[in-house]
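Have a look at the structure below before the remarks.
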Amino acid sequence: MEDSMDMDMSPLRPQNYLFGCELKADRDYHFKVDNDENEHQLSLRTVSLGAGAKDELHVVEAEAMNYEGSPIKVTLATLKMSVQPTVSLGGFEITPPVVLRLKCGSGPVHISGQHLVAVEEDAESEEEEEEEVKLLSISGKRSAPGSGSKVPQKKVKLAADEDEDDDDDDDDDDDEDDDDDDFDEEVEEKAPVKKSVRDTPAKNAQKSNQNGKDSKPSTPRSKGQESFKKQEKTPKTPRGPSSVEDIKAKMQASIEKGGSLPKVEAKFINYVKNCFRMTDQEAIQDLWQWRKSL
């Protein structure tokens, strides 16, 4: 049940608001919300006596609906200024509507907590994501026809670079030969032979190193571009609302795992809208009739 709920509640974005009220002997507090599609929770944190409260017994009571949809009253805290002026509830969550009252004592009593609202994501953000997916798919289609011509261009460029490197090597060799001719006039005839033997492996090593450096990067570049194009051609598709049969199957699976479904029609309708994003009233009524038959 928890896994299915996490999966279905993913489009909802929680928001937290501060909550606080003051209770007196003749003043109750009613917490109500508009009948919208968002889920609301009242999380109570602390109950404490206010300044000027008498040293007498104060009993704080909450009235809300139980799982069966019937009203129920629960004692939240019992306070006394000289014994226990404050109580921490540690996140006591109640689904509205809720009535908070001071059953015993004159007050004042302060209650603080949080108002939790599960808000659906804006439709504008979803439309922007769809537009980005469309742009990626269009750019992928446009770049596909010209992809085959990039490799020969790289090969031609590589060959041109090798020719330029060879020309540079020849120029360097000519300069070295000119210097050697000037030096040969002062030494014996055996010296040029030794120098030519020493220069030959160095020239070959330079050419082999240059050829090795120029020829290696061509392969990984083409593979990276092809993998990026494959990612552009497979955009994500947004998930739409589930069908009635799929929703029934998910509910039945959650019941078999030990979960339960709301028994009150209003809560069941709100549960279907939020969890499965179902807006068809006929389909919702069909699901409610199916729920009552279980």
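Numbers run from 1 along the shown chain.
Cβ from N, Cα, C; glycine included.
Fair warning: this is a prediction, and the values are worked out from it, not measured in the lab.
Features as listed in Swiss-Prot:
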COMPBIAS  121-132  compositional bias 'Acidic residues'
COMPBIAS  161-188  compositional bias 'Acidic residues'
CROSSLNK  Lys32  SUMO2 cross-link
CROSSLNK  Lys141  SUMO2 cross-link
CROSSLNK  Lys150  SUMO2 cross-link
CROSSLNK  Lys216  SUMO2 cross-link
CROSSLNK  Lys230  SUMO cross-link
CROSSLNK  Lys248  SUMO2 cross-link
CROSSLNK  Lys250  SUMO2 cross-link
CROSSLNK  Lys257  SUMO2 cross-link
CROSSLNK  Lys263  SUMO2 cross-link
CROSSLNK  Lys263  SUMO cross-link
CROSSLNK  Lys267  SUMO2 cross-link
CROSSLNK  Lys273  SUMO2 cross-link
MOD_RES   Ser4  phosphoserine
MOD_RES   Ser43  phosphoserine
MOD_RES   Tyr67  phosphotyrosine
MOD_RES   Thr95  phosphothreonine
MOD_RES   Lys150  N6-acetyllysine
MOD_RES   Thr219  phosphothreonine
MOD_RES   Lys229  N6-acetyllysine
MOD_RES   Thr234  phosphothreonine
MOD_RES   Thr237  phosphothreonine
MOD_RES   Ser260  phosphoserine
MOD_RES   Lys267  N6-succinyllysine
MOD_RES   Lys267  N6-acetyllysine
REGION    1-117  region 'Necessary for interaction with APEX1'
REGION    121-249  region 'Disordered'
REGION    188-216  region 'Interaction with NOP2'
MOTIF     152-157  motif 'Nuclear localization signal'
MOTIF     192-198  motif 'Nuclear localization signal'
SITE      Asp55  site 'Interaction between pentamers'
SITE      Lys80  site 'Interaction between pentamers'
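Locations of recorded Swiss-Prot features on the structure.
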{"residue": "Lys32", "record": "SUMO2 cross-link", "contacts (Cβ under 8 Å, 6+ apart)": "Pro96, Pro97"}
{"residue": "Ser43", "record": "phosphoserine", "contacts (Cβ under 8 Å, 6+ apart)": "Phe19, Gly91, Phe92, Glu93, Gly113, Gln114, His115, Leu116"}
{"residue": "Asp55", "record": "site 'Interaction between pentamers'", "contacts (Cβ under 8 Å, 6+ apart)": "Lys80, Met81, Ser82"}
{"residue": "Lys248", "record": "SUMO2 cross-link", "contacts (Cβ under 8 Å, 6+ apart)": "Leu287, Trp290"}
{"residue": "Lys263", "record": "SUMO2 cross-link", "contacts (Cβ under 8 Å, 6+ apart)": "Tyr67, Glu68, Gly69"}
{"residue": "Lys267", "record": "SUMO2 cross-link", "contacts (Cβ under 8 Å, 6+ apart)": "Gly69"}
{"residue": "Lys273", "record": "SUMO2 cross-link", "contacts (Cβ under 8 Å, 6+ apart)": "Glu37, Thr279, Ile284"}
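According to its DSSP assignment, Ser43 (phosphoserine) is in a strand. Using a 10 Å Cβ-Cβ cutoff, Ser260 (phosphoserine) registers 9 neighbours. Assigned with DSSP, the residues of the region 'Necessary for interaction with APEX1' (1-117) fall into helix, strand and coil as follows: 7 helix, 72 strand, 38 coil. If you draw a 10 Å sphere around the CB of Thr95 (phosphothreonine), it holds 15 other CB atoms from the protein chains shown. Around Lys80 (site 'Interaction between pentamers'), a 10 Å sphere centred on its CB holds 15 further CB atoms from the protein chains shown. Here the candidates are the recorded positions Lys250, Lys257, Ser260, and by Cα distance the one nearest Thr95 (phosphothreonine) turns out to be Ser260. Counting other CB atoms no more than 10 Å from each candidate's CB, the recorded sites Lys250, Lys257 peak at Lys250.
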